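The structure under discussion appears below in the form of structure tokens.
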Amino acid sequence: MNATDAESRKPENKPSSESSSSGSTSGSSDGEVSSKTYFKNNKSKVLSGQREVVLEVVRDLSYTICKEAEEKLVERFPRKDGSNEMLPKEDSINTNHNYTTDSNEHPVELTTKTEECKNTEKTKKKSFVRALSKDKQLSAYRSRSRSTRLSYSGHISRTHSVEKSLSRYKKSVLRNRRTSFGHGRDSSTTKRSVSRDKDNRLRRRIGSSRSHTRSHSRFRRSEKKLPSRSPRRIRSQERRHERRRSMSSDYERIALRRSEPIKRRDKDEFFKNNKKVSGDIKKGKGNDNGTVAELEAKITERQRKSLDILTSRTGGACLTPDKLRMIQAEITDKSSAAYQSIAREALKKYIHGYINKVNVDSVAVITRKLLKDNIVRGRGVLCHSIIQAQATSPTFTHVYAAMVAIINSKFPNIGELLLKRLVIQFKRAFGCNDKTVCLTSSHFIAHLVNQRVAHEILALEILTLLIESPTDDNVEVAITFLKECGMKLTEVSSDRVGGIFELLKNILHQGKLDKRVQYMIKVLFQVRRDGFKDHQSIIESLELVEEYAQFTHLLLLEDVTYPKDILNEFKFDDQYETNEEKYKALSKDILGSHASDSDGSFGSGSNSETALSDCDKVKNEVNDKYTSGDIIDETKPNLIALRRTIYLTLNSCLDYEECAQKLMKTQLKTCQQNEFCQILLDCCAEQRTYEKFYGLLTHRICKMNKSFIEPFKEIFKDICQTTHCLDTNRLRNISKFFAHLLFTDAISWDVLDCIKLTEDEAITSRCIFIKSFFQELVEYMGLYHFNKKLKTEVLAGTLAGLFPKDNPRNIRFSINFFTSIGLGGITNELCQLLKIAPKSAPSSSSSSSLSSELSAPSDDDSSSDSENKKKHKGKNKKMTKKKNPSKKKEKTKKFVGKNKIAAKNKTIKRRTDKDNSSSKDNFLKSESSSNESISLDSLSSELFAPSSYSSSESSNDSESKEKHKGKNKKMTKKKNPSNKKEKTKKKLSKNKKAPNKNTKKRMTEKDISSSESSISESKSLNCSASNQNENEKRKKRVTSKSRTKRVKMFKQCQWVDADNQRDIKRKKRAEYRYEPLVYRKRNEECLKKGAPNCXKDNYGNRQNHEISQRHDSEIKRRREERKKRHHEKNHSREYKRSKLGLCQREYFLYMCCQFYYPCTFQCLCQNCHFTFYS
């Protein structure tokens, strides 16, 4: 250092040297004489050594000191080259005799000087910080006062610092000896002696300082307590004071290090002057906000101070809440950094608050509130808070995953960022063997795979990574991961999941893992067998995003490297206002125009005015489309927004009453009501099963506002016409929905007039709709009340399509349809109509003919008779051509009569004249029964001409006798008495196989004669007579059936032989299985030993007992009897079914209809066309 530099710095450092010497040079001691003489001789050598000691002490300090302070400390001591700068004068040494015991040695003075220099340096730094803010001035003042208070503790540690300085001085001397090559032995000895003298002198003075009981210094109490304290305690106290001293200025140090403008001020000396700071900011230097210099010129000094506080690392956290609010209220410029930092802090608080409130029921509401705020700007904070919340509460992982799925469907970059951070977190935890972090992160990734946010490849990569190195922790993490997303992976890629389970099976068979982990693997296999029923991929209440609307990210473990942690920090935005406006427009498109509502409801009053564009506006836009060259958006974004808002409210509300109140707040226009009703119906149809919530909601809405009734009616009519466009699940949900509306009278029953149930218009989809619709109504109302409702006069016209009365074919179809769905009781009136319908046509024609005949005059009787005969002949010819059912029945009667005559030869041979007379009587009865159908001419001829009557009677008798005789002769020729028994047996077996034929064959002789006579006269009978004869014959068949049953029972009793029954019972008693177990075992043991059997007969004699076995012949006989019975039953059913022309399914329906509704039946099968009239 040059002398000029030292002289230039002398006046600047006068006050510091005076202040430092004021506390230390207050007295003198006796040990100073030897030091004087020593300094006179070897001043330069000693001071150069002291200079090195001081430099080492300064460099080893825990805090840093600038170069100026170091030079000031070393000014008194010369360098090694021997230049004596600022040496202490002899006069000053001689005059100052009143040194105290503590200030006799120069190293001690130097330590105090270093502390004082340190304090002065800190004060300079505090003065620099004082220019920034008043709060920094206060903190600097407090730290300065603390430093002055704690400087007293430096005197306590003097002894310890002296010892340190001695040891360092010795080391420096040795170093100088090694480096000095040119000096001889004398120089080394002088140095050694100097060091010894120095050590001795210092030890002497330390001892003398301890021996003194009283000192002249200001700090007596601290010196008195010195001997009682250990050096370790003193060191800890010093460290504590240093910590307290540094705590006050931590924030300022960080700000000095990290803020670029403040670094610039440190370099530039111009900023050290407090008066020129405001002027420089106006010029554009140190512009913290990064805005234009003109805007910064308008900022006041107070605003600048608040800006420095808010843009610091703490963000104003060290201020009181009132002061922070005042500062925030003063800032109104949105382009400033202070305003942006305040807005960012508010956004962070909102995000943390909403995420902490999430649960299963409130996911939709909270995501909607999150989307209102600018989450694109705060995406880093959002991802960080979600990951942190999931780590603290892993039980809500599926809820957070559902929320991320909703956000990812609208902002895929946020979902990708969160997934990347989770993957990086998992990789770091896997590398550090952190099991807890691995479990939480893998759990979250599994649920994101379930929600289709992450691809399945990522899950498979994680599983393979964990199972490749099978430790206890890795296998446990893999098991928990598989439990959560196993169902989804088996659905998507079952083969790869099967390979992973095979690897787990091999690990289990090796047996190297812990027993607990082995048991977990077994449990996992059991869960897989059960189909993951306790670990579903997605709960129904959290399935909020459709599969087509979701964006799936394909990430790999190796590709993800950078988590983008910079997004968590504040960053100034030059275009803050424009970006915020863009996001508001985007949120309106996503959430609808009610995104600004704070309560999450659907708006009310003025807010609902911007819900959708009015119909008039839309029309004007369409009209002006071709006139103006502007592009019109016809994608209907407002309509999509309305659908989204309604869907979110339906999923967020707890009950239908709350939902109805929220939906009614929208105050929709008339053109929007149809769309609103359609959205409700679509939401109901999309459910897996019908939910009563939608029916109750629509009923409440229709009662609150009756303008919604007409749109629902129109929708019902449209659905009835377009049922073929819907699948079965939607049809069932919609039909049950409208059934609920009709039951609650939310809409009128006049809607049913659009349904027409005919064979021509019948479609399977429409039949399914009507079936589920009517079955749901019957469940609500009951069959009795429902039938009563349908029979009211008001609904007579509306139900004409469902219950037609114009055509028998349509009547029959409606009856068959409702009976097939289990609602045949509704169609009683139609059944009665169907009975009357075929009889109405012939009866009217006959009545007209009768009236015409009665009105004719008596003179034209002959002509009318001839004309009537011709008419009858023509009618008979037409009947034969058309093959009426009456003629078929007559033919069957002929066939039946022939069979019965052949079966009863004996009775036919033994006929007497009495039988002939009885046949005449029967003929007369049949004629009397058919009087109504015979014409008036035939009746008059029979009544008023007895001769003709007798002649006709005799002729009829003769003809019948001749016929019977001819038939009897033929039967006697063909049939011998020897073959009678065999043929009768065959006939009995045939009768068993075909009981329907038997019932027709078993008729009395009187019936046979009457049937023959009716055949001869059937040409002259009408349909009404044949129907009456059928009714009479039906009654006779019932009596014949009861008679045949009795005969069968009697014959069965005769067939059974009593002796055979006794034999069978005896054999059963003697069988092996009825013998007691004890006797059986005893007999077997005796036979093994060779002894005779122990069984005895009735007289007490022993005899060998043979084990009886069942005879094969008896077993065969029973089997054959069982087969016969079974064959007879089946044959009778098949015969009846084949005769009726029904399939097997419809035969069962036929029997049911005969039991419940014995009126009509029509087969619905495509193959068979059969109509049955009872």
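Quick reminder: no glycine exception, Cβ is built from N, Cα and C everywhere.
From the options 80-109, 590-619, the stretch Swiss-Prot describes as region 'Disordered' is 80-109.
Model confidence over the domain 'MI' (641-757) is summarised by a mean pLDDT of 87. For the domain 'MI' (641-757), the DSSP-based tally of helix, strand and coil residues reads 91 helix, 0 strand, 26 coil.
Residues in the compositional bias 'Basic residues' (1119-1130) partition by DSSP class (helix H, G, I; strand E, B; coil) as 12 helix, 0 strand, 0 coil.
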